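> Take a look at this one; I'll ask things after.
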(Lines of atoms letter the chains of each structure in order from A; the text may use other names.)
(Lines give C-alpha, C1' and ligand atoms only; values in the text may rest on other atoms or scores of the structure.)
Protein backbone atom coordinates (compact mmCIF):
# COMPACT_ATOMS: atom_id res chain seq x y z
CA UNK A 1 0.00 0.00 0.00
CA UNK A 2 1.45 3.44 -0.91
CA UNK A 3 2.39 5.55 2.11
CA UNK A 4 -0.06 8.31 1.19
CA UNK A 5 -2.92 5.81 1.54
CA UNK A 6 -1.88 5.28 5.17
CA UNK A 7 -2.16 8.92 6.27
CA UNK A 8 -3.83 9.46 9.64
CA UNK A 9 -2.92 11.30 12.81
CA UNK A 10 -2.76 11.16 16.59
CA UNK A 11 -3.34 14.34 18.59
CA UNK A 12 -1.42 16.07 21.35
CA UNK A 13 1.93 17.82 21.82
CA UNK A 14 4.88 15.77 23.10
CA UNK A 15 2.74 12.78 23.96
CA UNK A 16 4.02 9.23 24.45
CA UNK A 17 2.60 7.65 21.30
CA UNK A 18 2.38 3.99 20.21
CA UNK A 19 1.35 3.04 16.69
CA UNK A 20 1.72 0.12 14.31
CA UNK A 21 0.89 -0.27 10.63
CA UNK A 22 0.85 -4.08 10.94
CA UNK A 23 -0.91 -5.59 13.94
CA UNK A 24 1.35 -7.28 16.47
CA UNK A 25 4.52 -5.42 15.44
CA UNK A 26 4.97 -3.54 18.72
CA UNK A 27 6.56 -5.58 21.52
CA UNK A 28 4.61 -5.71 24.76
CA UNK A 29 6.27 -4.72 28.01
CA UNK A 30 9.77 -4.17 26.60
CA UNK A 31 11.66 -2.27 23.91
CA UNK A 32 14.23 -4.68 22.49
CA UNK A 33 13.13 -8.33 22.50
CA UNK A 34 15.50 -11.05 21.36
CA UNK A 35 13.39 -11.52 18.26
CA UNK A 36 11.09 -8.75 17.11
CA UNK A 37 7.75 -9.80 15.64
CA UNK A 38 7.51 -10.32 11.87
CA UNK A 39 11.31 -10.35 11.48
CA UNK A 40 11.72 -6.63 12.19
CA UNK A 41 14.70 -4.87 13.76
CA UNK A 42 14.45 -2.74 16.92
CA UNK A 43 16.21 0.64 16.80
CA UNK A 44 16.14 3.58 19.20
CA UNK A 45 16.15 7.16 17.85
CA UNK A 46 17.35 9.57 20.56
CA UNK A 47 16.66 13.30 20.33
CA UNK A 48 18.11 14.20 23.74
CA UNK A 49 20.76 12.82 26.07
CA UNK A 50 19.86 9.56 27.81
CA UNK A 51 20.09 11.41 31.12
CA UNK A 52 17.96 14.44 30.19
CA UNK A 53 15.24 15.11 32.79
CA UNK A 54 12.21 12.92 32.25
CA UNK A 55 10.01 15.88 31.29
CA UNK A 56 12.48 16.91 28.58
CA UNK A 57 13.67 13.48 27.42
CA UNK A 58 12.80 12.71 23.80
CA UNK A 59 13.28 9.32 22.15
CA UNK A 60 11.35 6.79 20.11
CA UNK A 61 11.71 3.07 19.50
CA UNK A 62 11.38 2.02 15.87
CA UNK A 63 10.57 -1.46 14.53
CA UNK A 64 11.76 -1.57 10.97
CA UNK A 65 12.55 -3.82 8.03
CA UNK A 66 16.25 -2.85 7.93
CA UNK A 67 18.35 -0.84 10.40
CA UNK A 68 19.30 2.74 9.51
CA UNK A 69 22.96 1.68 9.32
CA UNK A 70 22.39 -0.10 5.99
CA UNK A 71 23.57 2.24 3.23
CA UNK A 72 26.69 3.06 1.21
CA UNK A 73 29.53 5.43 2.00
CA UNK A 74 28.83 9.18 1.99
CA UNK A 75 30.52 11.63 -0.35
CA UNK A 76 30.35 15.43 -0.25
CA UNK A 77 27.85 17.23 -2.49
CA UNK A 78 29.37 20.37 -3.97
CA UNK A 79 26.73 23.08 -3.80
CA UNK A 80 26.52 26.67 -2.64
CA UNK A 81 22.92 27.62 -1.84
CA UNK A 82 22.59 25.71 1.44
CA UNK A 83 25.17 26.09 4.20
CA UNK A 84 25.82 27.15 7.80
CA UNK A 85 28.79 29.46 7.23
CA UNK A 86 27.81 32.42 9.42
CA UNK A 87 31.17 33.28 10.93
CA UNK A 88 33.02 35.58 8.55
CA UNK A 89 32.78 39.17 7.44
CA UNK A 90 31.04 42.25 8.83
CA UNK A 91 27.26 42.21 9.26
CA UNK A 92 25.56 45.43 8.11
CA UNK A 93 23.11 46.86 10.66
CA UNK A 94 20.69 47.84 7.87
CA UNK A 95 17.07 46.84 7.89
CA UNK A 96 16.64 44.39 5.00
CA UNK A 97 13.73 43.11 2.96
CA UNK A 98 13.41 40.66 0.09
CA UNK A 99 10.75 39.99 -2.51
CA UNK A 100 9.65 36.35 -2.88
CA UNK A 101 12.32 33.87 -3.93
CA UNK A 102 11.84 33.23 -7.67
CA UNK A 103 10.41 29.84 -8.56
CA UNK A 104 12.81 27.53 -10.42
CA UNK A 105 12.83 27.25 -14.20
CA UNK A 106 14.42 23.77 -14.23
CA UNK A 107 13.53 20.60 -12.34
CA UNK A 108 14.18 21.28 -8.65
CA UNK A 109 13.11 19.21 -5.66
CA UNK A 110 12.88 20.31 -2.02
CA UNK A 111 16.52 19.63 -1.16
CA UNK A 112 17.90 21.29 -4.29
CA UNK A 113 15.52 24.21 -3.74
CA UNK A 114 16.83 25.14 -0.27
CA UNK A 115 18.37 28.62 -0.10
CA UNK A 116 20.09 29.86 3.06
CA UNK A 117 19.24 33.41 4.11
CA UNK A 118 20.82 33.91 7.52
CA UNK A 119 21.78 32.22 10.74
CA UNK A 120 23.72 32.19 13.98
CA UNK A 121 25.38 29.68 16.26
CA UNK A 122 26.43 26.33 14.86
CA UNK A 123 25.39 22.70 14.70
CA UNK A 124 28.65 21.76 16.47
CA UNK A 125 27.72 23.83 19.51
CA UNK A 126 24.05 22.81 19.27
CA UNK A 127 22.89 26.39 19.64
CA UNK A 128 21.45 28.93 17.23
CA UNK A 129 19.43 28.61 14.04
CA UNK A 130 19.66 28.83 10.28
CA UNK A 131 16.91 30.41 8.20
CA UNK A 132 16.32 29.03 4.73
CA UNK A 133 13.83 29.49 1.93
CA UNK A 134 12.75 26.75 -0.45
CA UNK A 135 11.36 26.86 -3.97
CA UNK A 136 10.64 23.62 -5.84
CA UNK A 137 8.71 22.22 -8.79
CA UNK A 138 9.41 18.48 -8.47
CA UNK A 139 8.88 15.73 -5.91
CA UNK A 140 11.63 13.65 -4.33
CA UNK A 141 10.84 10.21 -5.75
CA UNK A 142 13.93 8.05 -5.26
CA UNK A 143 15.72 10.44 -2.92
CA UNK A 144 15.60 10.72 0.85
CA UNK A 145 16.94 13.36 3.23
CA UNK A 146 17.82 13.74 6.87
CA UNK A 147 19.31 16.60 8.86
CA UNK A 148 21.77 15.69 11.61
CA UNK A 149 22.33 19.38 12.41
CA UNK A 150 18.93 20.33 13.79
CA UNK A 151 15.18 19.98 13.70
CA UNK A 152 13.36 21.57 10.77
CA UNK A 153 10.36 23.88 11.12
CA UNK A 154 8.61 24.02 7.73
CA UNK A 155 6.36 26.99 6.89
CA UNK A 156 4.74 26.50 3.46
CA UNK A 157 3.71 29.66 1.61
CA UNK A 158 2.81 28.33 -1.84
CA UNK A 159 1.72 24.81 -2.71
CA UNK A 160 0.88 21.77 -0.64
CA UNK A 161 3.49 19.27 0.55
CA UNK A 162 3.34 15.61 1.45
CA UNK A 163 6.23 14.81 3.79
CA UNK A 164 6.74 11.05 3.96
CA UNK A 165 8.86 10.26 7.03
CA UNK A 166 10.11 7.14 8.74
CA UNK A 167 7.34 7.56 11.33
CA UNK A 168 4.43 8.38 9.02
CA UNK A 169 3.07 10.96 6.61
CA UNK A 170 2.52 14.69 7.18
CA UNK A 171 0.46 16.61 4.65
CA UNK A 172 0.99 20.37 4.85
CA UNK A 173 -0.66 23.34 3.19
CA UNK A 174 -0.05 27.08 3.52
CA UNK A 175 -1.07 28.30 7.00
CA UNK A 176 0.01 24.97 8.47
CA UNK A 177 3.48 24.18 9.82
CA UNK A 178 5.39 20.94 10.17
CA UNK A 179 8.30 20.00 12.42
CA UNK A 180 10.74 17.25 11.40
CA UNK A 181 12.99 16.03 14.24
CA UNK A 182 16.75 16.03 13.92
CA UNK A 183 17.93 12.86 12.19
CA UNK A 184 14.58 11.65 10.88
CA UNK A 185 14.67 10.50 7.26
CA UNK A 186 12.03 11.77 4.87
CA UNK A 187 11.15 12.78 1.34
CA UNK A 188 9.00 15.70 0.20
CA UNK A 189 6.37 15.23 -2.49
CA UNK A 190 4.65 18.20 -4.13
CA UNK A 191 0.86 18.02 -4.25
CA UNK A 192 0.77 21.04 -6.56
CA UNK A 193 2.95 22.00 -9.52
CA UNK A 194 5.11 24.43 -7.51
CA UNK A 195 5.98 24.99 -3.87
CA UNK A 196 7.68 27.73 -1.91
CA UNK A 197 8.11 28.50 1.75
CA UNK A 198 10.37 29.05 4.72
CA UNK A 199 12.46 26.76 6.92
CA UNK A 200 13.89 27.41 10.36
CA UNK A 201 16.66 24.95 11.17
CA UNK A 202 16.93 24.81 14.94
CA UNK A 203 20.34 23.78 16.27
CA UNK A 204 19.37 24.41 19.90
CA UNK A 205 16.91 23.09 22.45
CA UNK A 206 13.96 21.24 20.96
CA UNK A 207 10.89 23.28 20.14
CA UNK A 208 8.22 23.26 22.83
CA UNK A 209 5.10 25.16 23.78
CA UNK A 210 5.74 28.42 25.65
CA UNK A 211 4.75 28.81 29.28
CA UNK A 212 1.40 30.57 29.63
CA UNK A 213 1.92 32.28 33.00
CA UNK A 214 -1.04 34.50 33.99
CA UNK A 215 -2.86 33.58 30.76
CA UNK A 216 -3.76 30.38 32.56
CA UNK A 217 -4.29 26.79 31.45
CA UNK A 218 -5.59 27.56 27.96
CA UNK A 219 -4.67 29.82 25.07
CA UNK A 220 -2.20 30.43 22.25
CA UNK A 221 -1.40 27.08 20.57
CA UNK A 222 -3.37 24.41 22.42
CA UNK A 223 -1.68 20.98 22.73
CA UNK A 224 -4.68 19.06 21.41
CA UNK A 225 -4.38 20.77 18.00
CA UNK A 226 -0.96 19.29 17.21
CA UNK A 227 -1.03 16.17 15.07
CA UNK A 228 1.55 13.38 14.82
CA UNK A 229 1.28 10.77 12.07
CA UNK A 230 0.44 7.14 12.68
CA UNK A 231 2.91 4.53 11.51
CA UNK A 232 3.13 4.09 7.74
CA UNK A 233 5.82 2.36 5.71
CA UNK A 234 6.88 1.29 2.27
CA UNK A 235 8.90 -1.76 1.24
CA UNK A 236 10.80 -0.84 -1.91
CA UNK A 237 14.12 -1.97 -3.27
CA UNK A 238 16.11 -0.27 -6.01
CA UNK A 239 18.72 2.40 -6.58
CA UNK A 240 18.02 5.28 -4.22
CA UNK A 241 19.97 8.26 -2.89
CA UNK A 242 20.24 9.18 0.78
CA UNK A 243 21.18 12.84 1.37
CA UNK A 244 22.42 13.94 4.79
CA UNK A 245 23.02 17.43 6.12
CA UNK A 246 25.93 17.11 8.54
CA UNK A 247 28.00 19.96 10.00
CA UNK A 248 26.62 22.45 7.52
CA UNK A 249 27.27 20.44 4.37
CA UNK A 250 25.26 18.06 2.22
CA UNK A 251 26.45 14.49 1.73
CA UNK A 252 25.09 11.67 -0.42
CA UNK A 253 25.17 7.89 -0.22
CA UNK A 254 23.70 5.09 -2.28
CA UNK A 255 21.01 3.03 -0.59
CA UNK A 256 19.38 -0.06 -2.03
CA UNK A 257 16.03 0.26 -0.33
CA UNK A 258 13.62 2.88 0.93
CA UNK A 259 14.56 3.91 4.48
CA UNK A 260 10.89 4.69 5.14
CA UNK A 261 10.40 1.12 6.34
CA UNK A 262 9.36 1.59 9.97
CA UNK A 263 6.37 -0.71 10.50
CA UNK A 264 5.70 0.34 14.10
CA UNK A 265 7.04 2.77 16.66
CA UNK A 266 6.45 4.16 20.13
CA UNK A 267 7.85 7.18 21.91
CA UNK A 268 7.74 10.97 22.04
CA UNK A 269 10.34 11.95 19.41
CA UNK A 270 8.30 12.30 16.24
CA UNK A 271 7.23 14.71 13.50
CA UNK A 272 4.12 16.82 13.93
CA UNK A 273 2.01 19.44 12.21
CA UNK A 274 -0.11 22.36 13.42
CA UNK A 275 -2.72 24.51 11.72
CA UNK A 276 -1.90 28.16 12.48
CA UNK A 277 -5.56 29.07 11.98
CA UNK A 278 -6.30 27.31 15.28
CA UNK A 279 -4.08 29.68 17.27
CA UNK A 280 -6.02 31.31 20.11
CA UNK A 281 -4.85 34.91 19.80
CA UNK A 282 -4.48 37.00 22.96
CA UNK A 283 -4.61 40.80 22.85
CA UNK A 284 -5.51 43.96 24.73
CA UNK A 285 -9.17 44.81 25.33
CA UNK A 286 -8.38 48.10 27.07
CA UNK A 287 -5.39 50.09 25.79
CA UNK A 288 -1.88 49.70 24.31
CA UNK A 289 -0.44 46.96 22.11
CA UNK A 290 1.08 44.10 24.18
CA UNK A 291 4.56 42.78 23.46
CA UNK A 292 4.71 40.37 20.50
CA UNK A 293 5.68 37.48 22.78
CA UNK A 294 1.93 36.93 23.23
CA UNK A 295 1.92 35.56 19.67
CA UNK A 296 4.45 32.77 20.38
CA UNK A 297 3.51 29.38 18.92
CA UNK A 298 6.69 27.43 19.73
CA UNK A 299 9.92 28.24 21.52
CA UNK A 300 13.41 26.77 21.62
CA UNK A 301 14.91 27.46 25.06
CA UNK A 302 18.45 28.65 25.67
CA UNK A 303 20.69 28.24 28.71
CA UNK A 304 19.50 31.65 29.97
CA UNK A 305 16.19 31.47 31.81
CA UNK A 306 13.49 33.52 30.09
CA UNK A 307 15.56 34.06 26.93
CA UNK A 308 14.84 31.83 23.96
CA UNK A 309 17.31 30.44 21.47
CA UNK A 310 14.46 31.02 19.00
CA UNK A 311 10.79 31.93 19.24
CA UNK A 312 8.35 31.20 16.45
CA UNK A 313 5.54 33.76 16.57
CA UNK A 314 2.66 34.49 14.21
CA UNK A 315 0.47 37.50 13.48
CA UNK A 316 -2.85 35.91 12.51
CA UNK A 317 -6.33 37.31 11.86
CA UNK A 318 -7.55 39.21 14.93
CA UNK A 319 -9.61 42.14 16.18
CA UNK A 320 -7.91 45.28 17.47
CA UNK A 321 -10.09 47.20 19.92
CA UNK A 322 -7.65 49.11 22.16
CA UNK A 323 -8.79 52.64 22.97
CA UNK A 324 -6.74 55.88 22.73
CA UNK A 325 -4.03 53.62 21.29
CA UNK A 326 -1.88 53.38 18.18
CA UNK A 327 -3.12 49.94 17.17
CA UNK A 328 -0.51 48.60 14.70
CA UNK A 329 2.81 47.26 16.02
CA UNK A 330 4.79 50.12 17.48
CA UNK A 331 8.22 51.43 16.52
CA UNK A 332 10.85 49.25 18.10
CA UNK A 333 14.52 48.53 18.67
CA UNK A 334 15.15 45.07 20.04
CA UNK A 335 18.08 43.29 21.67
CA UNK A 336 16.81 40.20 19.84
CA UNK A 337 16.91 39.79 16.05
CA UNK A 338 13.79 39.30 13.95
CA UNK A 339 13.34 37.47 10.64
CA UNK A 340 9.82 37.88 9.30
CA UNK A 341 7.88 36.23 6.51
CA UNK A 342 4.39 36.51 5.10
CA UNK A 343 2.40 33.38 4.25
CA UNK A 344 -0.87 34.98 3.26
CA UNK A 345 -2.57 38.33 2.80
CA UNK A 346 -1.20 41.66 4.01
CA UNK A 347 0.84 42.45 7.13
CA UNK A 348 -0.85 45.21 9.12
CA UNK A 349 2.37 47.17 9.77
CA UNK A 350 3.38 47.44 6.11
CA UNK A 351 0.97 48.92 3.57
CA UNK A 352 3.01 47.77 0.58
CA UNK A 353 6.25 46.05 -0.45
CA UNK A 354 5.93 43.04 1.86
CA UNK A 355 4.39 40.34 -0.33
CA UNK A 356 3.52 36.72 0.49
CA UNK A 357 6.73 34.75 0.09
CA UNK A 358 8.83 37.80 0.94
CA UNK A 359 11.02 38.27 3.99
CA UNK A 360 12.55 40.94 6.19
CA UNK A 361 15.42 41.01 8.67
CA UNK A 362 15.67 43.49 11.52
CA UNK A 363 18.79 42.66 13.48
CA UNK A 364 19.76 43.63 17.02
CA UNK A 365 18.97 47.31 17.70
CA UNK A 366 17.98 48.11 14.11
CA UNK A 367 15.04 50.51 14.26
CA UNK A 368 11.85 49.24 12.63
CA UNK A 369 8.11 49.61 12.76
CA UNK A 370 5.12 50.62 10.64
CA UNK A 371 5.77 52.38 7.36
CA UNK A 372 4.73 55.99 6.81
CA UNK A 373 1.42 55.13 5.13
CA UNK A 374 0.42 52.79 7.96
CA UNK A 375 1.43 55.33 10.61
CA UNK A 376 -0.57 58.14 9.02
CA UNK A 377 -3.66 55.98 8.61
CA UNK A 378 -3.57 54.52 12.13
CA UNK A 379 -2.89 57.91 13.73
CA UNK A 380 -6.16 59.24 12.29
CA UNK A 381 -8.29 56.08 12.65
CA UNK A 382 -11.72 56.09 14.27
CA UNK A 383 -11.10 54.18 17.52
CA UNK A 384 -14.81 53.81 18.26
CA UNK A 385 -14.76 50.99 15.71
CA UNK A 386 -12.70 47.79 15.94
CA UNK A 387 -10.07 47.03 13.32
CA UNK A 388 -10.81 43.58 11.94
CA UNK A 389 -7.63 42.13 10.45
CA UNK A 390 -9.09 39.22 8.56
CA UNK A 391 -6.79 38.43 5.65
CA UNK A 392 -3.29 37.84 6.97
CA UNK A 393 -0.80 35.30 8.26
CA UNK A 394 2.63 36.71 9.01
CA UNK A 395 5.26 35.08 11.19
CA UNK A 396 8.56 35.79 12.89
CA UNK A 397 11.64 33.79 13.84
CA UNK A 398 13.08 35.78 16.76
CA UNK A 399 16.55 34.85 18.02
CA UNK A 400 18.65 36.02 20.93
CA UNK A 401 21.79 36.10 18.76
CA UNK A 402 22.33 38.28 15.70
CA UNK A 403 21.19 36.67 12.45
CA UNK A 404 24.12 36.91 10.08
CA UNK A 405 22.86 37.14 6.48
CA UNK A 406 24.62 35.07 3.85
CA UNK A 407 26.40 36.72 0.95
CA UNK A 408 23.85 35.29 -1.45
CA UNK A 409 21.07 36.94 0.56
CA UNK A 410 22.92 40.27 0.74
CA UNK A 411 23.59 40.26 -3.00
CA UNK A 412 20.32 38.67 -4.14
CA UNK A 413 18.50 40.21 -7.08
CA UNK A 414 15.25 39.92 -5.11
CA UNK A 415 16.61 42.00 -2.21
CA UNK A 416 14.80 45.34 -2.06
CA UNK A 417 17.56 47.94 -2.15
CA UNK A 418 15.15 50.77 -1.31
CA UNK A 419 13.54 49.15 1.76
CA UNK A 420 14.54 52.00 4.09
CA UNK A 421 12.48 54.39 1.98
CA UNK A 422 9.28 53.02 3.53
CA UNK A 423 10.08 55.20 6.57
CA UNK A 424 11.24 58.28 4.63
CA UNK A 425 7.77 59.82 4.79
CA UNK A 426 7.83 59.96 8.60
CA UNK A 427 8.30 63.71 9.05
CA UNK A 428 9.10 65.60 12.22
CA UNK A 429 5.77 66.93 13.50
CA UNK A 430 6.96 68.11 16.91
CA UNK A 431 5.41 71.43 17.93
CA UNK A 432 6.68 72.61 21.33
CA UNK A 433 4.20 74.60 23.37
CA UNK A 434 4.48 78.37 23.18
CA UNK A 435 4.68 80.58 26.24
CA UNK A 436 1.00 81.41 25.84
CA UNK A 437 0.11 77.70 25.69
CA UNK A 438 2.02 77.09 28.91
CA UNK A 439 0.01 79.74 30.73
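Keep in mind that glycine also has a Cβ here, set from the backbone N, Cα and C atoms.
Because the structure is a prediction, the values reported are computed rather than measured.
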> Report the candidate from 289, 305, 324, 368 that shares the Fe cation site with 332, 338, as recorded in Swiss-Prot.
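Of the residues offered, the record points to 368.
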> Round to a whole number and give the Cα-to-Cα distance in Å for the pair residue 368 (Fe cation binding site) and residue 289 (active site, proton acceptor).
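Computed Cα spacing between residue 368 (Fe cation binding site) and residue 289 (active site, proton acceptor) is 16 Å.
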> Excluding near sequence neighbours, so keeping only residues 6 or more apart in the same chain, what lies with its CB under 8 A of residue 289 (active site, proton acceptor)?
322, 325, 326, 327, 328, 329, 330
> Please determine which of the binding-site residues listed here (332, 368) has the lowest count of neighbouring CB atoms within 10 Å.
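It is 332 that, of the binding-site residues 332, 368, has the fewest other Cβ atoms within 10 Å.
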> Measure from the Cβ of residue 338 (Fe cation binding site) and count the other Cβ atoms within 10 Å, all protein chains considered.
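21, counting other Cβ atoms within 10 Å of residue 338 (Fe cation binding site).
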> I need the CA-to-CA distance for residue 338 (Fe cation binding site) versus residue 347 (homogentisate binding site), whole Å please.
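Given the Cα positions, residue 338 (Fe cation binding site) is 15 Å from residue 347 (homogentisate binding site).
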> At the Cα level, what's the spacing in Å between residue 347 (homogentisate binding site) and residue 332 (Fe cation binding site), rounded?
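Answer for this pair: 16 Å between alpha carbons.
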